[in-house]
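J.: Quick one: the structure is below, questions incoming.
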Amino acid sequence: MPLPFEEFQGKGISCFSSFSSSFPQPPSSPLLSHRKARGGEEEEEEVPAAEPTSVLDSLISPTSSSTVSSSHGGNSAVGGGGDATTDEQCGAIGLGDWEEQVPHDHEQSILGLIMGDSTDPSLELNSILQTSPTFHDSDYSSPGFGVVDTGFGLDHHSVPPSHVSGLLINQSQTHYTQNPAAIFYGHHHHTPPPAKRLNPGPVGITEQLVKAAEVIESDTCLAQGILARLNQQLSSPVGKPLERAAFYFKEALNNLLHNVSQTLNPYSLIFKIAAYKSFSEISPVLQFANFTSNQALLESFHGFHRLHIIDFDIGYGGQWASLMQELVLRDNAAPLSLKITVFASPANHDQLELGFTQDNLKHFASEINISLDIQVLSLDLLGSISWPNSSEKEAVAVNISAASFSHLPLVLRFVKHLSPTIIVCSDRGCERTDLPFSQQLAHSLHSHTALFESLDAVNANLDAMQKIERFLIQPEIEKLVLDRSRPIERPMMTWQAMFLQMGFSPVTHSNFTESQAECLVQRTPVRGFHVEKKHNSLLLCWQRTELVGVSAWRCRSS
């Protein structure tokens, strides 16, 4: 689901060799800070921002030949802090002062700045959370990533409205602290070692998690004992990638065992959007998924000016903001009519998030002169809703995520009736719907370990990494564990096999799409990411482990 390549906008593969400052950057506030190199030093000047000024400008990700680049090349790509002068200025700005920095129309206050461009260090999204009462320096006194909080509920510290202005924007540096245990044993050689724990190695952790998943429904006492041991071995989300990933799966199983659901406080949306944007800047996963999906859509929309997208995976709408901009660039000679129908499950989607996404997409569309009609419907109505046949002059596209496999049979029957122009499906690499719950957990643990390894390789700002894990990856793991453990009758087959069984045929990605994806990965500052082709899917992998894949489908001709 996704965010922008904010630094470069080219026109096709031929432009990859000339990523220059001539390409405009999407604005986020009335004034943007630009840096000029003079005499080996950097100097800042303020220049008026270009139109449009939508808060979704920074959500625009590369989707076609005219917008492909990498957000890793900029100063903010890895969450680095600004210069000392900027830091001092930022430290004095509270959330209450944000309203004075931007226009007040269309709710461009706190959330507007959160979605804004991150080229100005004083407005960098990672810094929004630096001094939040929810996080303290003492939480990060151990090496590794993650918040040292065994409860780990998103509502652990509810922030009262009276303290909102205390959330200061700054660029404080996170200090790495040496493990106290290492210091202690380094100077006291005769101190007896701690009691030996039960096989704390990778194999032991994985086996215990798999066993807990096997017996969590049939033998709760045994599952509780296994998780109690894991609580001692994995007391906090710090350490190596496997240990951090295992911690989150252990927490998800604990919540499942005790029937605990996470309650979001009113400020969780701010934290989640900030983590989402940081993840897009640090990792190519989101850009790859959005770019590849949108390129397939654009190729299928050729010759149409009335477009209808049925979306089962809306996220924050960044994919569609990018697509709208691409449509304007390609078809500026003819008026465009775009309709987006969102199907969302009330159990898995927050109404505040959906409303935020809906309003901002409308605002963005109005600024680039696209006629947009967007509506949100409950997924529960899918089986009873009557859908009119589409016109021959209208292109219908469907966006699906493999993560919604529990609803996939119902969704595909509905989609088959629509007979869309194209269907795009994204797969996060952690979904193995043909496996039983315990084996699915082991596969997902391996996939998330690879994701953490890829994030560690970037060597990004520690605080940004902690926010990504807590507000983006941990909720994803909890949802995955909860959804797969529910007693729903589901066919034991892959989602690809279900597509074929329901009467859909795969569509091969164009050579242009593959070349653009390769160029995207090559712009990533670390080595280890690579693109693979598997059947009709285009995959982004880390060290041969799939992180995300995108495939395109059509209704099979009868």
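Along the chain as shown, residues are numbered 1 onward.
Glycine residues also receive a Cβ, built from the backbone N, Cα and C atoms like all the rest.
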J.: Of the residue ranges 242-246, 307-311, 327-331, 492-496, which one carries the motif 'VHIID' annotation in Swiss-Prot?
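T.: In Swiss-Prot, residues 307-311 carry the label motif 'VHIID'.
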J.: Quickly jot the same-chain residues contacting the motif 'VHIID' (307-311) by Cβ under 8 Å, restricted to those at least six beyond its ends, or write none.
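T.: Answer is 297, 301, 320, 327, 336-343, 390, 394-399, 415, 418, 420.
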J.: Go ahead and report the DSSP secondary structure tallies for the region 'PFYRE' (396-479): helix first, then strand, then coil.
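T.: Tallied per class, the region 'PFYRE' (396-479) gives 57 helix, 12 strand, 15 coil.
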